[in-house]
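Worksheet: one structure, shown below.
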Amino acid sequence: MASHRLLLLCLAGLVFVSEAGPTGVDESKCPLMVKVLDAVRGSPAVNVAVNVFKKAADETWAPFASGKTSESGELHGLTTEEEFVEGIYKVEIDTKSYWKSLGISPFHEHAEVVFTANDSGPRHYTIAALLSPYSYSTTAVVTNPKE
């Protein structure tokens, strides 16, 4: 029964994260946004380091963008529509440092999402992550840019 409650909590958190709109940011100018939620405390995960990489022609990962989540658990302004061209990208969320800052020893070093972007034309991507010390879930919301 406890596992069912945990599953429902995780699903509810994913719905919350994926449905919530950006806070005070013009979504039409944000082609890549990351949202991070702390499932243990039921709150935004603040000050979480996020690194974005782009796969190069030689199959290596080149640094593309980085930043930290805000008080709302969101990270905007990672790139522009002009820079965010078709390709394979990796979003790496530093979960270990986040949990260590709260005095918790986590299992994972980081959460990672690898995806193909803009292969069907320009799109806007919201990568959402729901974190706990021993697990994480991710989802993506992909939309057409607003004119």
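Just so you know, glycine gets a Cβ as well, placed from its N, Cα and C.
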Quick check: of Glu71, Glu74, Glu109, Glu112, which does Swiss-Prot put in the same L-thyroxine site as Lys35, Ser137? Glu74
Around the Cβ of Lys35 (L-thyroxine binding site), how many other Cβ atoms lie within 10 Å? Please give the count over every shown protein chain. 25
Span of the recorded L-thyroxine site, as the biggest CA-CA distance among Lys35, Glu74, Ser137 in Å, is 16
I need the CA-to-CA distance for Ser137 (L-thyroxine binding site) versus Asn118 (N-linked glycosylation site), whole Å please. 23
